[in-house]
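Input: one structure, supplied below.
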Amino acid sequence: MAQQYKFVFTAEQAASEGVTDHKKLPKLIRKARNLVKAPSKVGAVGRASSGRFYLGVNVEFKGLLPHFSIHAEQFLIANLALNSEPKLTHLAVSDNGTVFQDPCYDCTRFLKEINNAHQIEILIKNAHGRDGSFKSLESHMPDEFGSESILSAEPSLLLMERDNCLALIDEDSAAGGISSNADLCSFLKLEALKAANKSYAPYRKCPSGVALFCEGEVYAGWYIETVDRTISLGPVQAALVDFIARGEGKGFDKITGAVLVEKKDAKVGQEDTARKLLEKIAAPNCDFKVFHCQEERKDWITGAVLVEKKDAKEGQEGKLLEKIAAPNCDFKVSHCDEELKDWIKL
């Protein structure tokens, strides 16, 4: 059963399928499309810098508007993030297994957020082409659509390791549990918080994470946004990517518990969207809870001492504490020297 629902291939496993390099990506597209349960079957195959290969599929939710759906490329990006892959090098997308086209506008926005976007190569192949050719993502979308000019000089972009330094708000810590199971609720809450701390939300500063519970397993995902405020992947959708990739074909109606962690006054709240989606697809008795978080405060630091050499070439006395510590933090600097050893005699 696990092999039937395989979304990640090591280099050795891919080679056994005939995929020995990025030029052979089409050989995995059939497997990706076979995993699609939606009427329109779009598959995506990507090669990561680790040498592993990842699959993505489009996911549609019956009875919900298209903006709830997950594009194959978005699924692939979330799959990379869930597996801590730092870079995507090559990508192939097809809705029929023969023609390979550029990603759609929305998905290109997501791809441009990846830290090595300028290095990503896209397979282009028409119905009559034998092998097709790869072209850079940069040639598909001009520089003005990138995120480099929006973020700081040293941006932390999508797929790079993140820690949003979020902590649960005390008043939420004692909130009611899922199905009267306080231990399960606490565990899901912590898993959702972990996900929120990995959330990619550099523009609107509204990180969030979701943890889903199904038959003893927990699946998690986090909010991913783009510079375009109308294009993002919700935390429930990201958690569903984890569920689909690791759930070995389980139906969404088996999900019996869910926890969302987000900032209390987030500019982009996820609760309404998450609730609507889960009410439509999860088990009728699925218990959905929301907990709030905030950035951890550092202003409890009221005193600090630095010890360093007096004439150190690279002194450590800086202004970091002024930014994070209490306004009245007492900061002292003491100097040291190497101890003389020439008094030691045999």
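From the backbone N, Cα and C atoms, a Cβ is placed for every residue, glycine too.
Feature list, courtesy of Swiss-Prot:
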ACT_SITE  E73  active site, proton donor
BINDING   N58, V59, E60  substrate binding site
BINDING   H71, C104, C107  Zn(2+) binding site
DOMAIN    20-148  domain 'CMP/dCMP-type deaminase 1'
DOMAIN    183-304  domain 'CMP/dCMP-type deaminase 2'
List the recorded positions among N58, V59, E60, E73 whose C-alpha is within 10 Å of the C-alpha of C107 (Zn(2+) binding site), in sequence order, or say none.
E73
Among the binding-site residues listed here (N58, V59, E60), which has the Cα closest to the Cα of C104 (Zn(2+) binding site)?
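Smallest Cα separation from C104 (Zn(2+) binding site) among N58, V59, E60: N58.
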If I take the Cα of E73 (active site, proton donor) as reference, which of the binding-site residues N58, V59, E60 has the closest Cα?
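Answer for the nearest of the binding-site residues: N58.
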Between the Cα atoms of V59 (substrate binding site) and H71 (Zn(2+) binding site), find the distance and write it as a whole number of Å.
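About 7 Å separates the two Cα atoms.
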For the recorded substrate site formed by N58, V59, E60, name the remaining residues of the chain with Cβ within 8 Å of the site's Cβ center, in chain order.
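Near the substrate site, the remaining chain residues are V36, K37, A38, S40, V42, V57, F61, S69, I70, H71, A72.
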DSSP-wise, what's the residue breakdown of the domain 'CMP/dCMP-type deaminase 2' (183-304) into helix, strand and coil?
42 helix, 36 strand, 44 coil
Would you list the other residues of this chain near Zn(2+) - those whose C-beta lies within 8 angstroms of the C-beta centroid of H71, C104, C107 - in sequence order?
A72, E73, Q74, P103, Y105, D106, T108, F110
Tell me, if you would, which residue among V59, C104, C107 (binding-site residues) has the fewest other CB atoms within 10 Å in the structure shown?
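Relative to the other binding-site residues in V59, C104, C107, C104 has the fewest Cβ atoms within 10 Å.
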Please work out the helix, strand and coil residue numbers for the domain 'CMP/dCMP-type deaminase 1' (20-148) from the DSSP assignment.
45 helix, 31 strand, 53 coil
Count the Cβ atoms, other than its own, that fall within 10 Å of the Cβ of H71 (Zn(2+) binding site), considering every protein chain shown.
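The Cβ of H71 (Zn(2+) binding site) has 22 Cβ neighbours within 10 Å.
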